[in-house]
Each structure stands twice: as C-alpha cells, then as structure tokens.
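Per Swiss-Prot, the features are:
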| type | residues | note |
| --- | --- | --- |
| BINDING | 8, 10, 50, 197 | Fe cation 1 binding site |
| BINDING | 50, 80, 156, 195 | Fe cation 2 binding site |
C-alpha cells in the first residue's frame, strides 16, 4: 500500500486568489501534476479537509475539475472551511464511498493490511472540530469489527492540543472521546489530520497523531504567539507506505528543486583528496 496524503487545498472561485494574492488554484493544479508524475505510483490520494476556502459552489466546481484530474482513487473528508451539503454535491462523484448523507460523511476502506477510517470532524458555523455521537458510535463499531487488524483514522481537526498557540483553540473540542477509543482499542495506531498547516507529531498511548502541511500556504508553529500568521514556506505532502507489518510515513516535497542525481563515490570523495 502507498498513499499520497495532501490537505488544506483552499480552492477559490475561478479568477480569485486566496488573501488577494495567492493563486491557490494554479498551485493546486501543479500539485496534481506532480502527483500524477510520481515514479512510484500511489494506490490512492487522501485529501484531509478544507478543500475550498469559502464553501461556495464556484469553488467546488474548480476543486472538482482539478482534483478530478488525479489519476488515482481519491478519498476526501471535509474541514471547517467546507460546506457539508455542497461538499457532498460536488465531490461525492470523486469519492462515492462518502455516501449520501451530508451530516454523516464517513467511510471505511478495508483493501489493505491496515484499515483506513475516514471521518468528518467539521461543525457548521465554527472553526472548531466536533465528533458527533453517530461518528463515535460508527468508529467504535468499525474498530470492534476490525479486531486485531491495525486501523488508521483520517480526519481534519487534531483530537488534542499540540502546544500550538494559534491552532489549539480551534482543534477538536471533544477529541477526548476519540482518545478514549485509542485507550480501548490497541489496533488504533495512527490518526492523521490536516487543519494546522504544519507537520506536527505526537503520541497518545499506542497511537501516533500527526498533522501535515497545506498544499499551498503554511501556518508557523508558535507556542506562545497567538497572532494569526501564515507564510509561503515550501509545501509538502505525506506518503504512507505499508512495509510488511510496518506503516512508514515520510515527507514528500511539493516544491520545485534540482535533482535527483545518482550518488557517485568518486565525486563525493575524490581520490586526490583521500
């Protein structure tokens, strides 16, 4: 199994720019082109929320067109910038597993050595996350049904504070309910989130919990400064690979850079310098 995991694309309406100057649509189209050109091709691409910026139909039209050009199966979940009904209307054709209920978008993928569980942590009218009773009950049933098979959850909001002064106040408000499932089910070993626009990792019991960078703009990690900074530091995604019984995640740059070159020991340490 190999998954490419991106997040927080924040598509805008055609011709509009994010914050008035960031061409997110062009940048995301470039990301799609890079993913389509990967030498080691993923089995699927995951997008963990905030697909669009303002929840408008025109933004979802752009998102569907650009994300629809990916040459891989696509797994999508909404974030706090998304409109649930419009998300489902425009993007369900790209991810039919989401079902037809905008208030209960979730799915389980059991095609790999690790079970993949996708849930919606967004709540209309707020940037904070929330897990409904139905979502918790569904997760509990899925984890019980999966037995000892390892399970990974993809959601938008991190379920616990990460020491980020800007983003912690808008994390998942009742994430403790998910952490209680981590305690009950040893098979739940990973939780991957978007939302924070930065690569952050922590651990709760046996579960690795991580957020990842956005595809275009990033949010610097600050422990004390609550001012809402963002920047255009190089974007990246995560690649998740099943290696035997191990799950290995690594960062893949989405910036344009020179290389790669084949390693040559004679150039690395020339004979005359030995």
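We count from 1, first residue shown onward.
Backbone N, Cα and C define each Cβ position, glycine as well.
Burial and contacts for the listed features, if you can.
All protein chains shown were included, and the count of other CB atoms within 10 Å of the CB of residue 8 (Fe cation 1 binding site) stands at 28.
For residue 156 (Fe cation 2 binding site), the count of additional Cβ atoms within 10 Å of its Cβ stands at 26 [all protein chains shown].
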Want to know which binding-site residues, from 8, 10, 50, 197, are within 10 Å of residue 156 (Fe cation 2 binding site) at Cα; which are they?
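Of everything listed, what lies within 10 Å of residue 156 (Fe cation 2 binding site) (Cα to Cα) is 8, 50.
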When DSSP states are folded down to helix, strand and coil, where does residue 197 (Fe cation 1 binding site) land?
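It is coil.
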